[in-house]
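Straight from Swiss-Prot, the features:
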DISULFID  C54-C68  disulfide bond
DISULFID  C61-C73  disulfide bond
DISULFID  C67-C78  disulfide bond
MOD_RES   L82  leucine amide
SIGNAL    1-20  signal peptide
Amino acid sequence: MKIAIVMTLLLVAFSTASFAIEPIERAALDLVMARADSGGDAGGDAGADDEGSCKWMFQSCEPPAKCCDGWTCYKGRCNLILGR
């Protein structure tokens, strides 16, 4: 009986860890990609409010707002589109 309980707890722990890996990787990738694509501007804020410019991560947006290529407005922030 003890072995069954331990095995169940291990299964739950590994399942939880495997489900958490993808969001953690996505968040880390968003941070890296935002800095790599920003053209030397670490914050990505330069010219974001100018006409015709795109918005970067950590900048608020509305769904019709133009985020940069490969990015989408989701939950009020520009996010990288994964799986392209």
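Backbone N, Cα and C define each Cβ position, glycine as well.
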Next on the checklist: If you count other CB atoms within 10 A of each CB, which of C54, C61, C78 wins among these disulfide-bonded residues?
Outcome noted: C78
Checklist entry - What's the CA-CA gap between C61 (disulfide bond) and C67 (disulfide bond) in angstrom, rounded? => result 8
Checklist entry - Which of the listed recorded positions (C67, C68, C73, L82) has the least company, meaning the fewest other Cβ atoms within 10 Å of its Cβ? => result L82
Checklist entry - Could you give the Cα-Cα distance between L82 (leucine amide) and C73 (disulfide bond), in whole Å? => result 13
Next on the checklist: Helix, strand or coil for C78 (disulfide bond)? Use DSSP.
Outcome noted: strand
Checklist entry - How many whole Å apart are the CA atoms of C73 (disulfide bond) and C67 (disulfide bond)? => result 6
